[in-house]
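Q: Take a look at the following structure, please.
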Amino acid sequence: MAPSAASGVSSLPSGFAVFTTFPDLLFIFEFVFGGLVWILVSSSHVPIPLIQGWVMFASVFCFVATTVLAFLYVIGAHGNRTSWITLDAAYHCVASLFYFGASVLEALAAIQLQDGFLYKYYHENISAVVFSYVATLLYVVHAVFSLIRWKSS
């Protein structure tokens, strides 16, 4: 058995070290860009409710879950248990998939807005697409480094 697994010591930070260690400092950027996606999609015109419904679900779910997970890390709720490393890796993999699907669907919705809608709504949706892909990239990077941390635990 690996020494860290045998002793139950986790490499997850707690307290404000969450915001200074990589990949956990990505929580801040996931929070910001996820919030921007949520705000932009909710303020724009909805040409295809089913598509943008999934985008809203994915962005709100990831926004809330990221906020809760970051808060739990800050208060040290993981208690140095290695199961939290697994939770972190699993969550960020799922969030990456959710956001990738949401990004593709939001791009489709933006294409539908290109003709026949106000230019303002088109720009809001294009901005949502860009921020959604940035959020996807952040979640993928966090997932990769969380999987590396999980593998070494």
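Cβ coordinates come from backbone N, Cα and C, glycine included.
According to Swiss-Prot, the record shows the following:
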DOMAIN    18-151  domain 'MARVEL'
TOPO_DOM  1-24  topological domain 'Cytoplasmic'
TOPO_DOM  47-53  topological domain 'Extracellular'
TOPO_DOM  76-92  topological domain 'Cytoplasmic'
TOPO_DOM  115-125  topological domain 'Extracellular'
TOPO_DOM  148-153  topological domain 'Cytoplasmic'
TRANSMEM  25-46  transmembrane segment
TRANSMEM  54-75  transmembrane segment
TRANSMEM  93-114  transmembrane segment
TRANSMEM  126-147  transmembrane segment
Q: Cβ under 8 Å to the transmembrane segment (93-114), counting only same-chain residues 6 or more beyond its ends: which ones?
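A: Distant contacts of the transmembrane segment (93-114): 30, 34, 37, 41, 45-48, 51-52, 54-55, 58-59, 61-62, 65-66, 121-122, 125-126, 128-129, 132-133, 135-136, 139-140, 143, 146-147.
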Q: I'd like to know the mean pLDDT over the topological domain 'Extracellular' (115-125).
A: 77
Q: Report, as numbers and ranges, which residues of the same chain sit near the topological domain 'Extracellular' (115-125): CB under 8 Å and 6 or more residues beyond its ends.
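A: Contacts with the topological domain 'Extracellular' (115-125): 40-41, 43-45, 47, 106, 109.
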Q: Tally of helix, strand and coil residues over the topological domain 'Cytoplasmic' (76-92) according to DSSP?
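A: Helix, strand, coil within the topological domain 'Cytoplasmic' (76-92): 10 helix, 0 strand, 7 coil.
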Q: Helix, strand, coil residue numbers for the topological domain 'Extracellular' (47-53) per DSSP?
A: 5 helix, 0 strand, 2 coil
